[in-house]
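Here's what TrEMBL has on this protein:
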| type | residues | note |
| --- | --- | --- |
| DOMAIN | 37-392 | domain 'Aminoacyl-transfer RNA synthetases class-II family profile' |
| BINDING | D106, L107, T108, R133, Q149, D153, R302, Y306, Y307 | L-histidine binding site |
Amino acid sequence: MPQLGLLPGRACVSLLSQLLRPPHGACTRAIRSHSHGTRDLSPQQMVVREKILDMVVSCFKRHGAKGLDTPAFELKEMLTEKYGEDSLLIYDLKDQGGELLSLRYDLTVPFARYLAMNKVKKMKRYHVGKVWRRESPTIVQGRYREFCQCDFDIAGQFDPMIPDAECLKIMCEILSGLQLGDFLIKVNDRRIIDGMFAACGVPESKFRAICSSIDKLDKMSWKDVRHDMVSKKSLDPEVADRIGDYIQRHGGISLVEQLLQDPRLSQNKQALEGLEDLKLLFEYLTLFGIAEKISFDLSLARGLDYYTGVIYEAVLLQTPNQAGEESLSMGSVAAGGRYDELVSMFDPNSHKVPCVGLSIGVERIFSIVEQKMKIFGEKVRTTETQVFVATPQKNFLQERLKLIAELWDAGIKAELLYKNNPKLLTQLHYCEKMGIPLVVIIGEQEMKGGIAKLRSVVSREEVAIKREHLVAEIQKRLLES
């Protein structure tokens, strides 16, 4: 198996700079517009993003996952032929001699490579990191060329559908916790799709191509998808119509049971296996109390080539919007599935490590939360400063520095103005603007009396505290707030 080459620091920087350096004369254009599919995040946006990520990661940890990180780029050969038609969207780094490298397209293939390279047979891991795709960005829908993914995966040989059910439970916990509104998780199985194709008369050589056509059903009408299959992919129109009869059906366990009796599908071994597993999955989802959030949807295809079993995708049923405005269609906000063959592609002995996982669409969720905050006029504090050290007098910088060091050493989040002689009003205005709750005021009078004044920014009440009790009093107030 080819090993991931370690490049000297300069080579890494040089390679990544190929992606980041705009073409000649494009700098001013890039500054004016982020049409190239990336974005800067302001301090306010970073606060919101960190809260979302904290909630997602704490859920992953609650389910026993370990953290993992992999390089931003991989050997090009590691990534090609893993994504089907989407392989065209991979960012290749400029050939500067030596190994050909590409920026990672997702976090799943690097995880599979990690498992194979390190001979890991069992692992429950989460990974938060940036990925890159050369697609047309639709920024209004939270779609970018550089974006963050949050993945959770369970690798290992286990009894059927137990890890898969837990993945769906995690998706429900995260989407409920983020309070984005009502959502639905569509579920299907690649074996059912392939079995359906075989039963309908699709030639095996066209399975993947027709699968990627069906994957467009959330963005296109059935009429357009049918045209894509018949005109562009040369599928027999009768076969396309047979597929159309199936893929426009969705429901719960009753649909699974109905299809188990279907004259075409019940004759196909693959489809039967998939349906039996889905029946078991729905039993576990009922025990987890989330079955009503799940819909068995035969149109769900998930175009990535590496899926082999259960696949799922979460969509919001509504997004918060102002009266009279159309709701934004955000597409899927989380997705995943089972990929039992991927690890063996990286293993010289083709050892299998079955895996199932999910990915949370942070950028889209972030867009929805931002939109919601805008509508409700919610304000965000960009710092976590708890105490501001102020003085009403000149030549008190040394005392302020001594005092703030004491607060920092006690683990208190504190700030001061970087001026020798700041005006007291300027300092208090800064606290109000930044939402800092407490101010310690120290001046000549306080020094003589061995005290410091502790002021509440909101109520403007001041109390004198003995200098030696100051840290304890601040800590007590912070605990109470």
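From the backbone N, Cα and C atoms, a Cβ is placed for every residue, glycine too.
Among the residues the record lists as binding L-histidine, namely D106, L107, T108, R133, Q149, D153, R302, Y306, Y307, the two farthest apart have Cα atoms separated by 21 Å.
It is Q149, among the binding-site residues T108, Q149, whose Cβ has the fewest other Cβ atoms within 10 Å in the structure shown. Predicted-model confidence for the domain 'Aminoacyl-transfer RNA synthetases class-II family profile' (37-392) is 90, expressed as mean pLDDT. Here D106 (L-histidine binding site) comes close to Y83, V131, Q149, D151, S359: these same-chain residues lie at least six apart in sequence, with C-beta atoms under 8 angstroms from its C-beta.
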